[in-house]
Structures are given as structure tokens and as C-alpha cells.
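Worksheet: one structure, shown below.
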Amino acid sequence: MSFKVSEDVAVCGGRLLKLSHFSQVIGTIMNVNVYLPKQYYSQTDNKVIPAVYYLSGLTCSPQNASEKAFWPFQADKYGFAVVFPDTSPRGGDVPGDPEGSWDFGVGAGFYVNATQKPYDKHYQMYDYIHKELPTSLDEYFSNGSRLDFVDNVAITGHSMGGFGALAGFLKNYDANRYKSCSAFAPIVNPIKVPWGRKAFGGYLGADEEAWKGYDPSELVKKVSNRGNDRILIHQGTKDPFLESNLKPELLLEASKGTSWEGKIDLKLVDGFDHSYYFVSSFVPEHAAFHAKNLGLI
Ligand SMILES: N[C@@H](CCC(=O)N[C@@H](CSC=O)C(=O)NCC(=O)O)C(=O)O
């Protein structure tokens, strides 16, 4: 699978590649940014470099987190690559929100496979993120490369992307797809909040049973923790979406009596909002968490 490099930017000790490729599952050109850490460019370092997938929130393109989350410092510190996928298909005949809002449609693909017309044609974000993109990156960089985008990988995300990370991690947990999962201000129980109900209704239809297959607060009840795996979550107390759409306490309540009870580290951080000032403040802690689980420290 071939990628086009539109920009190759020096950042910290490595490089941010702005890539695009035709996605077979989405049926359009998709944009994705990949940060390759300084270890990749070192003549002496020959360790295999794992990847952290960062799923962005509503309205984002790959640029938001690339510019504002400050992952490259941490990627260089530990020696991992960071993948910043887009949040939905774009352009051409890709349908948007009939209401014209930013919480559904373009920039708001919710990382699910749509089953409902007209969204089912392009909005296959779950398969794209968890299957096609990793294997495409692995193939593209495989020529003598020390990069691993498939086997030793971790996942994180912000808001809608935090939901996408939690759902993807738990849905693929038995296959040991991701070594670790964390989230910044995630939507933890989409079937109970307006953003999730609107998105799942539009993409998955009226049958709410189908929605549960993507809901982290339902998935924790069905997926057995292998032992000591933990999930790290940060949430700002001044987040304007906290009470309406995020409600992290619902995930802790859902985990009670399950193998995940006591294994979800929800850190409420005083005074932080929903912005990238918040995300970037806690990226170092998430980076250390993933580096440990990826065997880098
Ligand atoms: N555009 C909206 C605000 C939307 C917003 O806050 N988006 C967040 C993610 S929200 C949940 O998924 C975001 O990451 N925005 C991009 C950024 O660079 O901050 C509005 O105008 O209110």
C-alpha cells in the first residue's frame, strides 16, 4: 500500500511525515501523520521501534495533535513512533451531518464501522484504524525498517478519540492487539450521552444492542482482564463537556464487580479544561505508561 509524502518536517530529534494514501476500506484518500523518533535516524541504534496510535477528537485532522500535543519530545525520550490518523473520511461524495453540526459526519467518524446509508459507503473507521492502517504502514516502511506498526503497539486518544482508543483496545483485548491503552477526557459511555447517541444512531441505526458492541462501559463487563493490565485516564475538572458527554465515573461504575475493577486509573485533574493545554500537560505521563508497556523502560 503506497503513501504519498506531502511534507517531511524536522521536529525535536526526529521527523513528522505528513502522509496520504488511498484506503480500500474507506474508499477515499486518507491523511495520516507519523512521527518517527530520533532513534529511527540514528546510525548506531538498531532496536525495533514500536508505535503509539493517537486518536483525535471531534473536528480534528491529523494536524491538531501533531502541532499541539507535544508527543515528539516523549517519542524521542523513549524511542517510539506516533501515528496521528484522521477522524473521518473527507471530500468527494463523503456525506456530512444533515444538521450541519461538528459532532457528526466529517471530522466526527467515531471510529466505528457504519452500517447505515449513506454513511456505510465510506465511514468504516474501525476497520481502517485497527486493521488497514497498521498493516499499510508496516508494509510501506518494511524495506529494511526497524519500525513496528502492528505487533508492539499502544493506543490512546482524546475525547471522541479517547472513546475510540478504549473501544478498540477492549474489542481487540483477547487478540492482544494493543499492549496498553490510555485516554484524555474520553467519552466512556457513548450510548448514554448526546454525542454518542447521535453518532451511533446515525452510523449504526436504531438498534441499541448494536451500539453496545462499541461502548467501553459495556465492553468492560464482557472482556476479562488477563491479570494486571491497567487503563490510564486523565480528566480535567473544568472541562465544559464533563457533565454532558464525558462522565468518566460511568466507566468506573460499570467496571465494579468485573475483572477491571480497580484497574482503571482515573485521574481527575483540578482546573484543566478540554483543550490541548490539558492534553499536552499529561502527555508525558501517558508516554511513560505506554513506554513501560511497550518494553522500552
Ligand atoms: N469546534 C467546537 C469544539 C470542538 C472541540 O472541542 N473539539 C475537541 C475534541 S471534542 C471531542 O471529541 C478538539 O480536540 N478540538 C481541536 C483542537 O485543536 O482543540 C467548537 O467550536 O466549540
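Backbone N, Cα and C define each Cβ position, glycine as well.
Bear in mind that TrEMBL entries carry predicted annotations, made automatically and left uncurated.
Because the structure is a prediction, the values reported are computed rather than measured.
Feature annotation from TrEMBL assigns active site, charge relay system to Ser159, Asp239, His274.
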Protein Cβ atoms within 10 Å of Asp239 (active site, charge relay system), excluding its own: 22
Set of same-chain residues at least 6 away whose C-beta sits under 8 angstroms from Ser159 (active site, charge relay system): Gly57, Leu58, Phe184, Ala185, Pro186, Ile187, Phe241, Leu246, His274
